[in-house]
Structures are given as C-alpha cells and as structure tokens.
There are 2 protein chains.
Amino acid sequence: MVTNSQAPIKVGMLGMGTVGRGVYKILTGNADLITARAGRPVQIEKIVVRDTTKSRGVTVPDGVLTADAAAVLENPDIDIVVELMGGNEPAKEYILKALKAGKQVVTANKDLIAGYGKELFDAEKEHDTDLMFEASVAGGIPIIRPLKMCLAGNKVTDVMGIINGTTNYILTKMTRFGSDFNDVLKEAQALGYAESDPTADVEGHDAARKIAILASIAFNTRVTSRDVYVEGITRIDATDIKYATELGYIVKLLGIAKERDGEVEVRVHPVFIPGSHPLAAVSDANNAIFVAGDAVGETMFYGPGAGEMPTASAVVGDIMEVARNITGGVNGRISCTCFEEKPIKPIGLVESKYYLRLMVKDRPGVLASIASVLGNHNVSIDTVLQKRSDGDIAEVVLIIHRVEEQNLRDALTIMEGMSITKRVANVIRVEGEDA
Amino acid sequence: MVTNSQAPIKVGMLGMGTVGRGVYKILTGNADLITARAGRPVQIEKIVVRDTTKSRGVTVPDGVLTADAAAVLENPDIDIVVELMGGNEPAKEYILKALKAGKQVVTANKDLIAGYGKELFDAEKEHDTDLMFEASVAGGIPIIRPLKMCLAGNKVTDVMGIINGTTNYILTKMTRFGSDFNDVLKEAQALGYAESDPTADVEGHDAARKIAILASIAFNTRVTSRDVYVEGITRIDATDIKYATELGYIVKLLGIAKERDGEVEVRVHPVFIPGSHPLAAVSDANNAIFVAGDAVGETMFYGPGAGEMPTASAVVGDIMEVARNITGGVNGRISCTCFEEKPIKPIGLVESKYYLRLMVKDRPGVLASIASVLGNHNVSIDTVLQKRSDGDIAEVVLIIHRVEEQNLRDALTIMEGMSITKRVANVIRVEGEDA
C-alpha cells in the first residue's frame, strides 16, 4: 500500500533550456537513487515552455509540456516549483505567486536572488515555504549550504571566488599562450565558452550578482548587486600578464567580499594573486570559492561553475532537500539569514596592495618624481621594475604596499597631469597575501 | 518573555582535549552569532573530563566540569551530547546510552563511525534522534553534508582524498627538498605534525577510517575500516619522488573509493597523480577531497583537515544543525543512508596504472626479459626510463598501462625469482588520469 509519505513529490518546472534539460535528465535517469535518498519518488508533472513543439533533446511524455504557467502555479498537485527561466520577469512574478500559493520553490536565478532577495525571502517567510537557490552561485559547486550550515559557527571574514567561467577561461588562455584579450575572446565565443554579447561576463556583472549572494549569506546582511563595485577584464593585456608571471602572480577575475570591523567590502575586479594561493591553480572554465572563517581557517570549494549537468546537479540537490522537508512537514525551517544591517564600505576607503604600470618619458629623475608624488599621498612602493624603453618612452611597473584606494587615485590623478607621464597603462589590485 | 523556542539548547560534552577546547571557544566566543543563526542560544551545561582540576587553557565556570559521565548521560536538561573523547570505549557505550535516552549526538570520532556505524545508526534510527559526524572526516572541511545533500542527485563514481595531514606534510617536504622519509618524519614529530607513535598516520590506518566513512555515504552501502585495502608511505623514498617529478607526477597518500558496475573499491595507498590534477596542488598538512559524480562532474573540497579550531568548526556546525532540528521537532530526519549492500572488490581485481622501479643486472637483453614476463601476464608498458647504473646494477623505471592488479603481482613474483633481478624497489599505483 502506498502511504502518504511514499507518494511522489510533484515538480512543476518553469522553463526548459539547458539547465532544465539537465534537471529532467537527472530526475528521470537517477530516479531510483533519488527515490531512495529522498525517501520518496520525485516526479516532473508539468513543464512550462513558450513553444511546446520545439525539440529539446529529451523525450518528454505527452501532456507534460505546456505553454500555460497556470498549469504549474495554480495546480494544486504541484508541490515544488522549479524556476529555470532566468532573468527578472516574469520569473519573479511566478516565484512570488508560487510562494503565495504555499508551494516550495527552487531556483537557479542569480539575477533575482541578488537583486530582489528581500522581496522573495519575505514572501518565503510569510508563507512558511522553502526558497532554495544553491544553483544560483557557482553551478554544481556546493557553497550556499556549506556556508549556511557546516561553517555556521564561524565569523566568516573573507569570501573570494572565481565565479565566472568565461573570464577564467579567457585569463587562463592569455596566461598560457601570452595571447591578447580580444583574440582569446573570439576563440572563446567560437567554442561556446563566451556568449555573442559577452558584456555580462567580461565586464564582471555576472560575478557581481554571485558575490552579492555569497556576501549576504556569509555576513548575514543584505548585499544586492547594486552594492558591488565592479571592474571587468577588458583592460587586461598580454603585457600585464607577462609582468604578473615575472613577479610570481596569476591574474584572475575575483568576486571579493570581506568583513572588517563590522563593515562589508564587496567588489569584482581583476587581481594579481600569488601563484601559491589555492585559487591560482583554478584554470579554464572552472570555478572555486575560497572562504576564510575565524575557526575553520582557509577552505576552498572547487568545481564546474556552469553548464547543463553541473548546474542541474545543484538544482536537484535542492529539490531533494525540499522533498525531505515536505515529508517532515518542516518547510521554511531555514529562511533568510540577513538579520543584520552592516554598512558597505565605499571603494575609495578599501585598502589594497596594487600593481601599477606606467608609460613615462625615459629621462633622468623620472622615477624620483613618481616616488615623490606617491610618497606625498602616503603611497609606499614595494617593488619597481623598469624594463622596456624605446629610447623615448619607458615602461615602469610598481608594486605598491597596502593603501587606501582614494590615496592612490589622488596620486594617479596628479601623475596623469605631469609632463613626464605618457599614460597610466594599468592599475590592478593585489589580493591573497599579507600586507 | 522567553518562549520555549528561545530557551537555550543545552550541550553536554564528553571529553575536553584539543577539539573540545576549540568547541568551547567557539560556542562562547561566537555566542551572539550562533544564537542568531541557530535561532536560539547554545549553552555548554556540563563537560565530562577525567581530571576536573587540570588546566585547560580556557576559563570554565564552576560546576561545569565533572568527572561523572552520568552528569551528562542521565541529565534530563541536556539536549545534545557532544562526544570528543575519541577511541572505541567508553565512547561507544556513552553514545549508545545517549541515543537510547533520546538525546541528540554530535561526534568527531572516526574510529567509531568507521568501525561501528551500523550499531550506532541503528540506535539513532530506533530512537529517532540525530547522530552527526561532519568532524570525523577532514576536520573543518564540509564534506559529509555536501555529499549527503548538495550532491544527492548524483551517482557518485569516485571519491579520492588527501585525508591525512601528517602524511601530506611529510610527502610535501620530501618533494620540495628531496629529503628522505625518516628525516622528514623526525622533523614532523619535532614540529607536532606527527605523533611520537606515527603508525596510524604513516601506515594509512587513519586515512582508511575516513575513506570508509566517505565511501559508505557516497555509495549508500556500509563500508567499514576492515574493508579498506591499506598501504602506508614508509616505503616511498627520495628516488621515487625524483622519478615522479621527472615524469610529471606528484606523490600523495590517497584514500580512494570508486564504484564501477555496482562493485565498490576502497583503498588507501601512495599514488602518483598528474601534476595538473586538482589534488596535486594540495600541500603541507592540508586536506582535500575530490568527488566525481555523473551529473556534477569533478568537484573538490579543500581546507585544514585537523587541528583544534578547524575540527571544532565542524563540530559546532553539527551542533547548530541539531539545535535547529530540535526547534523544528524533526530530529532523525536524515539518518543512515546505507540502504544497499554492494560487494567490495578484492584488491587483486582492481585495475590501475602503475609505476615500477626495478634494480636489475646491467647486461644486454635484460629489458627484453622484463618486457617478456610482463607481456606474458598481459601487462603492457607505457614508458621506460633506464638511467642509473653503477656498471653492474641498473635502475629501470616503468610506467605500466592499466591492468588488473593480480596480473602485475604474478608477473612481479616471476621477476623476483629471475637471476637478472636484484630487487623490485617499488610499485606505486598511478591515479587521476585516463588509462
């Protein structure tokens, strides 16, 4: 006899793109395993798509695909709504509708969680439901649950992640082959590692959403994508990478979130990190998130940060957890953890170590002038390399000791106005080592 | 008004060695954060120690320390029993007593979980309690919960881990400085990285317990430490490490668990892994666990695998999860997941790639004889290095293609009986690359 606690959990999916197809494959392909581990079967009842006739690479039984969102949102048989449409609307409207109807929700939508977390989690709390989003950050890598649960005893101080596969792929190739950004971008687009409009990836906006989510959880305060200072990788060129290598660093695009003295820093930008740092070895399209806590010390979570099956793996993990909660009658047990309001530190007040590359006139006294301007702004020099000169213009590379960003910016503004300066070729922060 | 759901959760600790002290520090030092995240205060009520007068490096209020285990086990006020005594008895008796009394249990005891899991989890199930053990494997690294929850949709195929810090420290130093095992061991003992009796670490028994626990969870079948094939690192010498480097490998002691066609392999032994493998970069006393699943692909979890505060971090994460379960009235929700009985493959039937180092007489035709013996046993050669000869004895290094272990053993037995063979200096499996 099928008792109630063995009855299938019924899933309604919104959207069936790449990740949706992956979820379908796992739930059907590993059905026995999932039933055993979740304690009861998990069954896809309805899938809402725009075009029900389109071929999707998997065989979906008749009657499952529908163009009518109400077939999921207003269907009393559906226990869990899995939102995989992406973007803001109508995804947000649908999720809110589902929560209000008392349905559990699983989503991979980083835009929504990073941009509208408060609204969504308020609804989750009000209706005592689950809203899970492990797949919204770093694809298949378990990171949300480890942060919320396993590391819960820690005051987390740092979360730093390679959380955009496209830019990591590009930087890896640039480092390995000495190639230029634009050439590698074209190659990445041809191979499907970068989109035809690569802006969200290469300008850092995708990473910004993810670090906003991680910062909110790590520091128990609401951080939205609008709070994140963002620089992309389009200004990194082969010369910078060559110098990084020479100085023992690797160039990575990192999402960085730190809490110091009750203030939160959240930013996405390229960095030099020491070759010995655990993040330095994370290559190609892989992701990794480095977490430092006062008790645990330094940990790292590594894996595929995107893609059909890895992202679907995270979605299915959430579905199974929600299914167990339904069986136990304990949905809504862990909801939003943003119980504090911590100030976000403006980028000008953030302290970093820096790499500077300057093109200057090659004449006596130039280095002294540069050093003097920096010194006047309390900017102190760690390392100087002066290597290339065409007789007229020399390239000077400086590593600058830890300093408040505004000081350096002021110094650079003055330098840019000086007759000896041809241009400030690049300014890149150094992370992952002591002052 | 303090309602029942805001009343403190009361913890009774069994043992207060290094990890116990760490748990005490976290629960008192991060008390506000823990209260907010767990939803209510977590308070240490009693700590059972042999000698209540001994100084413990933290100030424990009067009346908390006691030499009487009944003060925890038979104390109706205690909600969660945290067992940090280690070893088999009386820890097992105490845990069983606590579970039978309906108390929740958190333990860091790998010996017990790996050796007596069935008995303990049967009691957990019978009494509808929680028995959590995140700290029993890889110290502060979240791995049990990610495997059980986040990756639950995956058919896990491989779990490979650097799960013993002492041996990783020794191998790292041997690799970095070309030193001999015994010299580094002595240094590690002086620095506190190895115990005065290092047997459990260097012979692989500690890692065996941990890989048994990971295999049980990954494959949903009971694997005990007695099922694990074990070799330690005492036979690795500087010469093997030199050849590893030359061939692009790193020598590590790994716990390895694989499922292939419904059969489980579980073993601990030194391996050559490719320098590009994520585990290769894990150095010093750090741990890391590599997990491959059919959906997620390859993931890795990295961090400190032992020590006061990292291990305590994992214990406190478990305590907080149990506390939330108490508040929700849902203890015993995820219990033992060994719902299958899969056969363990004997080591003779396990397939590996190998590194062989042979000392042979330096005369014409020797290599042909070796190749012929190997060939007769279906052992096929990938790479040959013949480098050192004192005119009489030559050192031959072979990398052998993937083969069933028994075939290689048979071939080696014959070789050892041949007059041209001085000795088989070492045989080390190669892992982490395709056949």
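Just so you know, glycine gets a Cβ as well, placed from its N, Cα and C.
Heads up, TrEMBL stuff is auto-annotated, nobody curated it.
Pulled from TrEMBL:
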BINDING   B:Lys110  NADPH binding site
BINDING   B:Glu195  L-homoserine binding site
ACT_SITE  B:Lys210  active site, proton donor
DOMAIN    B:355-435  domain 'ACT'
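Listed in sequence order, the residues of the same chain lying 6 or more apart from B:Lys110 (NADPH binding site) and placing their CB within less than 8 Å of its CB are B:Ser136, B:Val137, B:Asp206, B:Arg209, B:Lys210, B:Ile213. Long-range C-beta contacts of B:Glu195 (L-homoserine binding site), restricted to its own chain and to partners at least six residues apart, with a cutoff below 8 Å, comprise B:Thr166, B:Gln189, B:Asp201. Residue counts for the domain 'ACT' (B:355-435) under DSSP, helix first, then strand, then coil, are 23 helix, 38 strand, 20 coil. Its Cβ placed at the centre, B:Lys210 (active site, proton donor) has 26 other Cβ atoms within 10 Å.
Taking the domain 'ACT' (B:355-435) as a whole, pLDDT averages 92 in the prediction.
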